[in-house]
Amino acid sequence: MSYSLSKKFTFGSLLVFALPTTIMMVFMSLYTIVDGMFVSRFVSTNALSSINIVYPAVNIVLGLAIMLSTGSSAIVARKMGEGKPEEARQTFTAVIFLNVVIGLVLAVLGTLFAAPLSRMLGASDVLLADCVTYLRWQLGFAPALMLQILFQMYFVTEGRPGIGLFLTVAAGITNAVLDYILIVPMGMGIAGAAIATVTGYMIPALFGLIYFASAKRSLWFVRPRMSGAELGETCLNGSSEMVTNLSAGIITFLFNLTMMRFAGEDGVAAITIIQYSEFLLNALFMGFSQGISPVVSFNHGSRNHAQLKQVYKTAMIFTVAASVTVFLFAQFAGDAVVTVFARRGTMVWQLASHGFSVFAMGFLFSGLNIFSSALFTALGNGKVSAVISFVRTFGLIITSLLILPALLGVDGVWLAIPIAELGSTLLSLYYRKRYKQVYQYA
């Protein structure tokens, strides 16, 4: 059986190969954004704030799933490149089993402790009821959310990124349609938004279970087998992505606390709109980086350095061009984006519109940082990948959030991300230069 990752990729064919995963990530980012749009427009901006208050808990689930998927897929793709397909299948199956167990534990804990967890995350008396409702639905379906993330990554590793794209589009359309039905005519409020989202999770999760049960592919379910060393390598390889998502939760928490202090519930709604926009636009870089990661891992495992250099060159050209494009879009279309969530002229709109113009500078650098972290994960160097992610998030963004608002007020909140992204880019460039001869990607 030919394995499609072994083909020779040109500039154009690599972009085409990564396109389904890129579009897939954009659609996945739309899950919560669509919820936010319907909730803010047809329920209230306080309900929108409630979603953002509890989202750090969802980030933990996402972080675990992305750590397992990116970390293990690098190992599986490398084993396929080394000509060890059965070992690759054993590792793949073990990771899926581990994912289900972790998801079930999180579902039970989240359902039982939704109220105290919401309080811990900063829910006010005004927001508490909506926070608890949304959080119980989200964490109650943690296994489906985690399976969705893993299967989407393994469709790429298996050489079928188009399937992942189709499922993500189907799930996104289902989510949007149910959002409208449950929130507008049925008046179910934030519960309707949560139900629509978790229904979207179920589509890729169930299809993936059926798809990989068949032994007519490169990957399928076999008797699971995974050593402690491989599990450790999986966690280490994916640790940067885990750090990114955990820190995203902490950053959201700090954003919420800071904006609640400076501007109340309207401030939380404004930062929610900005973060939704960041999530959507950065999904372009995340999707592309994940889309080419199996190609990097495969060629690294097969020691095809010529192909690895071509992949790296293509990725750099795309990332720089996309960064400039996203920045310009954010600068010139920022008001239109904000208007999707808040009515023009309201306090929420004014806060978010001003903030978006400042915040947008970070898009010039975020793509390079996301790609750098994904590159070292794909090469099996989880330590460097984790350092880049840790410095970018825990080191720089959180430090900026703790210092700048105290000096500049709300403007300090908007500046925290661009300053942190710039510092992280300098670190990323240092590591790429340091290791280019070791891995021979440039």
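Cβ atoms here come from the backbone N, Cα and C positions, even for glycine.
Heads up, TrEMBL stuff is auto-annotated, nobody curated it.
Since the structure is predicted, the reported quantities are computational estimates derived from the model, not experimental observations.
Taken from TrEMBL, the feature transmembrane segment applies to 12-33, 53-76, 96-117, 137-156, 163-183, 189-213, 234-259, 279-299, 311-334, 354-379, 386-407, 413-431.
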Per Cβ pairs under 8 Å, the stretch of 53-76, 234-259, 279-299, 386-407, 413-431 packing most closely against the transmembrane segment (137-156): 53-76
Long-range Cβ neighbours of the transmembrane segment (279-299) (under 8 Å; 6 or more residues past either end): 3, 5-6, 9, 14, 17-26, 28-30, 32-33, 70, 73-74, 77-78, 80-81, 153, 156-157, 161, 305, 307-308, 311-312, 314-315, 318-319, 322-323, 326, 329-330, 363, 366-367, 370-371, 373-375, 377-380, 441
Seg_contact(the transmembrane segment (234-259), the transmembrane segment (354-379)) with at least 3 CB pairs under 8 angstroms, min sep 6: yes
Leading contact stretch, 53-76, 96-117, 311-334, 354-379 vs the transmembrane segment (386-407) - CB distance under 8 Å: 354-379
Stretch contact, the transmembrane segment (311-334) with the transmembrane segment (12-33), Cβ-Cβ under 8 Å, 3+ pairs: yes
Cβ contacts under 8 Å made by the transmembrane segment (163-183) with residues that lie 6+ beyond its boundaries: 19-21, 23-24, 27-28, 30-31, 34-35, 38-39, 42-43, 148, 151-152, 155-156, 189, 191-193, 195-197, 199-201, 203-204, 207-208, 211
Any contact, the transmembrane segment (354-379) to the transmembrane segment (413-431), with at least 3 Cβ pairs under 8 A: yes
